[in-house]
Amino acid sequence: MKESFYIEGMTCTACSSGIERSLGRKSFVKKIEVNLLNKSANIEFNENETNLDEIFKLIEKLGYSPKKTLAEEKKEFFSPNVKLALAVIFTLFVVYLSMGAMLSPSLLPKSLLAIDNHSNFLNACLQLIGTLIVMHWGRDFYIQGFKALWHRQPNMSSLIAIGTSAALISSLWQLYLVYTDHYTDQWSYGHYYFESVCVILMFVMVGKRIENVSKDKALDAMQALMKNAPKTALKIQNDQQIEVLVDSIVVGDILKVLPGTLIAVDGEIIEGEGELDESMLSGEALPVYKKVGDKVFSGTFNSHTSFLMKATQNNKNSTLSQIVEMIHNAQSSKAEISRLADKVSSVFVPSVIAIAILAFVVWLIIAPKPDFWWNFGIALEVFVSVLVISCPCALGLATLMSILVANQKASSLGLFFKDAKSLEKARLVNTIVFDKTGTLTNGKPVVKSVHSKIELLELLSLANSIEKSSEHVIAKGIVEYAKEHNAPLKEMSEVKVKTGFGISAKTDYQGTKEIIKVGNSEFFNPINTLEIQENGILVLVGRAINEKEDELLGAFVLEDLPKKGVKEHVAQIKNLGINTFLLSGDNRENVKKCALELGIDGYISNAKPQDKLNKIKELKEKGRIVMMVGDGLNDAPSLAMSDVAVVMAKGSDVSVQAADIVSFNNDIKSVYSAIKLSQATIKNIKENLFWAFCYNSVFIPLACGVLYKANIMLSPAIAGLAMSLSSVSVVLNSQRLRNFKIKDH
């Protein structure tokens, strides 16, 4: 059984990986993925052995709060920005008290100059008050940090909580010594760390605020798409307009769409017209004109006139619902490259605590001064610095932020990745297999030429009247051509469709009722022929003389034209060193012509679904990493077999289950965009990981005091600043993906 839920209380990747590790050990858990940024979790478990309530109890024991849905955050009296501002103000106040006299004695009143026991004690008490206020604004670090430590799942908050608490306790002890006059020399006289506690918390809070703002911006961009779902719609029932819940709409319902409203479900216009903003699907800002017979999709915006539409999908199966599901999966899943960071994070925090304790003991022993309290002060500074400077967040954010921003960028390009692994794998593709009809071509054959043995208008009238009864794309092409030439309609009876061959009907022909047939050559037993040398889709029109003989009256030659810009985009793909293949069920001449025209390396014609499947198997057996690009319908087996499946979606025709990547642009450029975005994302992740590993590898030893003899020691305050800058640098580097652009050549 698969379930999705949310977990509150996580602060860094050590939290999320700790939950995964703890639950992953359970025999009834098959798979679990926890995402730190959007607080989501996906789990697959054996429902015969446990249930979701039991899993929630296990997570609660670890110190976190699992919930089926995320409750809206309660509005607090002080906003996060106000809290941060107050923390900064009181930190500056404490720093002023502790260091003002060092800059200039005139900066402090004489009563606070710490020149005697009384002024020292008064100054320290004011520092303590300011410190407690700053700690109050940063209390979440202590609540979450000590809770995680209690449950043996230490995280970044645990490091901050332990380090600053140790500094506070030491300062309180020094304050006691001053108050009781038990100090021994200048080193033990009022050696406080209140300013270190405040500065550490302030820098960490600033870093977290920048981190959260960046994360929220990326998540808000995604959630804005989800907000395109209207709650109600106007249903036409018994000639009355009734406002109904979108969830109650069923296929076939007639809905009225007013100007300035969102489309509730997928459907088809049956009366009126409109201009729709489909940017949430395609990324294109220009409105799209829609008329009777055109499809409209949920979540798109009707800007001007009102129209009537018939629902073709319910809310659950609508285009917007499928996009929301894909976004949720993409945000919640993890890329393979993140596994390394997770493995390191799982042992990182305990290792840092061990290193800090070891460094404390060593410095207590080897510190150069004979005085114990001076040595204790140096050892404590090293202990706090090691805890504070280590940055598990940078490791966790390295992949999560890049993938989050990349998915946001993809949606603006009309691309949706099924999960993080799809985003990661697209860059490795070295072979792309294209379907032809509807993928490389428009999927709407148009009449190229007409060959008639009877009067042309009569031939068009016969074909128009019969093909009007068919939904086939070829039939629509002939009907459109006949309309352009004002061909009249005839009355039809006894309409019969032979799937895959053609359609026949009885109609008036030269004053008598005749059976007229329209279809491919296999549909006829002709007693005469037509000499046609053109390549294209051949559709014959004839009269049935008897059951075994047909008289040909004429023929249409149609062609399915390549989409605009396809040739250039195929060339872009080939410039990446990728081999291209065209697999189509069309005849050899048409497929060959298309492949040559577009510059595709190889092709297979007359290909049935099994033939396409076998070709992809063959390519994979040769070690190729194959991307299949199709329409998601008759290509489903091939899409499932490929390493990366791309569906060129046409609204509700999209098959999310078969697709790794869905393009609502219905444009081959999106294939190139997906590959380039994948490359840029993985490069960005590697940059983040490199920085995170290098930072911790260099700065933790520095905090331990390895360069003491070179007079280089990091104070706890500087350590806090370095840790915050490390996380912020990873976040800001990930934001560079927002500026990702596709070059046209």
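Including glycine, each Cβ sits where the backbone N, Cα and C put it.
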Residue pair S119, V178: same membrane side in Swiss-Prot:
yes
Which one of 152-172, 236-256, 404-424, 551-571 shows up in Swiss-Prot as transmembrane segment?
152-172
So which range, 527-545, 717-735, gets flagged transmembrane segment in Swiss-Prot?
717-735
Compute the C-alpha separation of C15 (Cu cation binding site) from D631 (Mg(2+) binding site), stating it in Å without decimals.
41
Chain residues outside the topological domain 'Extracellular' (706-716) and at least six past its termini with a C-beta under 8 angstroms from it:
163, 167, 193, 196, 199-200, 381-382, 384-385, 388-389, 699, 722
Any chance the transmembrane segment (344-366) and the transmembrane segment (380-397) are in contact, meaning at least three CB pairs closer than 8 A with a sequence separation of 6+?
yes
Summarise the topological domain 'Cytoplasmic' (145-151) by DSSP state, stating how many residues are helix, strand and coil.
6 helix, 0 strand, 1 coil
Annotated stretches the transmembrane segment (717-735) and the transmembrane segment (125-144) touching (3 or more Cβ pairs under 8 Å):
no
To the nearest whole angstrom, state the Cα distance for the pair C12 (Cu cation binding site) and D631 (Mg(2+) binding site).
40
Check the DSSP secondary structure of C15 (Cu cation binding site), expressed as helix, strand or coil.
helix
